[in-house]
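Asks: Mind looking over this structure? Questions follow.
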Amino acid sequence: MEQITKPHCGARLDRLPDCRWHSSMFAIVAFGLLVCWSNAVGGLILAQLKALGWTDNSTTATFSAITTAGMFLGALVGGIIGDKTGRRNAFILYEAIHIASMVVGAFSPNMDFLIACRFVMGVGLGALLVTLFAGFTEYMPGRNRGTWSSRVSFIGNWSYPLCSLIAMGLTPLISAEWNWRVQLLIPAILSLIATALAWRYFPESPRWLESRGRYQEAEKVMRSIEEGVIRQTGKPLPPVVIADDGKAPQAVPYSALLTGVLLKRVILGSCVLIAMNVVQYTLINWLPTIFMTQGINLKDSIVLNTMSMFGAPFGIFIAMLVMDKIPRKTMGVGLLILIAVLGYIYSLQTSMLLITLIGFFLITFVYMYVCYASAVYVPEIWPTEAKLRGSGLANAVGRISGIAAPYAVAVLLSSYGVTGVFILLGAVSIIVAIAIATIGIETKGVSVESLSIDAVANK
């Protein structure tokens, strides 16, 4: 039987010049993230259901909580399945679950049935997000992987304003009885297009195939990619610089995430995402209430909130420009310190002008960190053999903090006012900054294989 040599897919992918192939991988993943907005339409759907008498405050809380619970389970279990079945198969599977639950949910006869569908939507979405963000890093070269991942985050985060604009256009045209159903069918149809694109044009990750010892399949996919790049560029490919040791891949059991180097990365990734969830979700959900606590009326609170939130796409755009110019550890620590300091200063303001200006810059830095944490740093720190499981576990832990944070904010806002809330956010930011500085690893410009060798060898 012919001996099949290790194809060294990582080194071969990293030497590819930027071309249409990278852009096509980016476009498919970015489009998939942009249109999977079942979570983004949650508030819009609840408003319609309230008008129909389907929901009250208690049911609304259940609807929201069940979504978070589903995303928690999806992140946890989805990573396990994704590392077992592959990136392409996981992409298509989780899209199918998400689409089916949205379509079935759109025809729900009552609120209980819709809540059950909402849980499944959360499972599919939680698994899909882990797969797309983490899996995407295996296709991009180490030299500008952060820039590509930031671009994906930039496009994906337009889902919130996009679905809101669609809802604004539909509301005067469709009755409330059908409006909320259409709000679910639109992302389902668009996600079906994303699935078709993935089925037709998205190859399995050669790095994943190689990590499973499937050398022949990895070589076939890799050759197809290389031939396409040569056709697109019209130039021969640069020589391959092999960074790994040529040894056969090692199996990495789930238990390896709970010991040694991989445990340290679980702690690191969880801390990074805890800061993201606590800061981001607190500001998104509580900012209008915080404004009103400061004595600003409801109308002005909404205006201030809207103006501040323009910092979100601006922040991700800036992150996209600088991501591969600043070391990852330096960027994470720097952003968290800026958020802590600026948040405290923000809490002391009473002038509408200063609240608007400082709020804009605060949200800008927060969303630079969101891009850094969810799209770049946490997906990067895992070996290919355990990438989706590690990322999924860290995401699941991060989501727990997102569940607990609103209760802490409510207590602090009632007892200590706005300053108390921002002291909490600042404390979380500083603690995580210290964690990144002490146990963080540098991933800027580092090949996936270098990270894998270190982690797997010391698992």
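In case you wondered, yes, glycine gets a Cβ from its N, Cα and C as well.
Straight out of Swiss-Prot:
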TOPO_DOM  1-25  topological domain 'Cytoplasmic'
TOPO_DOM  47-60  topological domain 'Periplasmic'
TOPO_DOM  82-90  topological domain 'Cytoplasmic'
TOPO_DOM  134-153  topological domain 'Cytoplasmic'
TOPO_DOM  175-181  topological domain 'Periplasmic'
TOPO_DOM  203-271  topological domain 'Cytoplasmic'
TOPO_DOM  293-301  topological domain 'Periplasmic'
TOPO_DOM  323-329  topological domain 'Cytoplasmic'
TOPO_DOM  373-399  topological domain 'Cytoplasmic'
TOPO_DOM  442-459  topological domain 'Cytoplasmic'
TRANSMEM  26-46  transmembrane segment
TRANSMEM  61-81  transmembrane segment
TRANSMEM  91-111  transmembrane segment
TRANSMEM  113-133  transmembrane segment
TRANSMEM  154-174  transmembrane segment
TRANSMEM  182-202  transmembrane segment
TRANSMEM  272-292  transmembrane segment
TRANSMEM  302-322  transmembrane segment
TRANSMEM  330-350  transmembrane segment
TRANSMEM  352-372  transmembrane segment
TRANSMEM  400-420  transmembrane segment
TRANSMEM  421-441  transmembrane segment
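Relative to the rest of the structure, where do these features sit?
Replies: Mean model confidence of the topological domain 'Cytoplasmic' (1-25) amounts to 86 (pLDDT, 0 to 100 scale).
Using a Cβ-Cβ cut-off under 8 Å and counting only residues 6 or more beyond its ends in the same chain, the topological domain 'Periplasmic' (47-60) has close neighbours at 110-111, 114-115, 176-177, 179-180, 183.
Through the fold, the topological domain 'Cytoplasmic' (82-90) approaches residues 127, 130-131, 135, 138, 198, 202-205, 208-209, 385-389, 392 of its own chain, all at least 6 residues removed from its boundaries and within a Cβ separation under 8 Å.
Sequence-distant contacts of the topological domain 'Cytoplasmic' (134-153) (same chain, six or more residues past either end, CB-CB distance under 8 Å): 13-16, 18, 22, 25-26, 29-30, 33, 79, 82, 87, 90-91, 205, 207-208, 316, 319-320, 323-324, 328, 370-371, 374-376, 378-380, 382, 384, 387-388, 391-392, 444-448.
DSSP states for the topological domain 'Periplasmic' (175-181), grouped as helix (H, G, I), strand (E, B) and coil, give 6 helix, 0 strand, 1 coil.
Shown for the topological domain 'Cytoplasmic' (323-329): DSSP residue counts in helix, strand and coil, namely 2 helix, 0 strand, 5 coil.
If one looks beyond the transmembrane segment (61-81) by at least 6 residues along the same chain, the residues whose Cβ comes under 8 Å of a Cβ in the stretch are 39, 42, 46, 55, 90, 93-94, 111, 114-115, 118-131, 134, 254, 388-393, 395-396, 399-400, 402-403.
Through the fold, the transmembrane segment (91-111) approaches residues 32, 36, 38, 49, 54-55, 59, 63, 74, 78, 81, 85, 117-118, 120-121, 123-125, 127-128, 131-132, 135, 181-182, 184-185, 187-188, 191-192, 194-195, 198-199, 202 of its own chain, all at least 6 residues removed from its boundaries and within a Cβ separation under 8 Å.
Sequence-distant contacts of the transmembrane segment (113-133) (same chain, at least 6 residues past either end, Cβ-Cβ under 8 Å): 29, 32-33, 36, 38-39, 54, 59, 62-63, 66-75, 77-79, 81-82, 87, 90-91, 94-102, 104-105, 149, 152-153, 374-375, 378-379, 388, 391-392, 395, 399.
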Asks: Any residues 6+ beyond the ends of the transmembrane segment (26-46) with a Cβ under 8 Å from its own?
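Replies: For the transmembrane segment (26-46), the far contacts come to 55, 60, 63-64, 67, 71, 91, 95, 98, 101-102, 121-122, 125, 128-129, 132, 136, 148, 151-153, 155-156, 158-160, 162-164, 167, 180, 183-184, 187, 190-191, 193-194, 197-198, 201-202.
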Asks: Could you tell me whether the transmembrane segment (272-292) and the transmembrane segment (400-420) are in contact, taking contact to mean 3+ Cβ pairs under 8 Å with a sequence separation of 6 or more?
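Replies: Contact between the transmembrane segment (400-420) and the transmembrane segment (272-292): present.
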Asks: Pairs 6 or more apart in sequence, C-beta under 8 angstroms, 3 or more of them: is that satisfied by the transmembrane segment (182-202) and the transmembrane segment (154-174)?
Replies: yes
Asks: Give residue numbers and ranges for long-range contacts of the topological domain 'Periplasmic' (175-181): same chain, 6 or more residues beyond its ends, CB-CB under 8 A.
Replies: 44-45, 48-49, 51-52, 106-107, 167
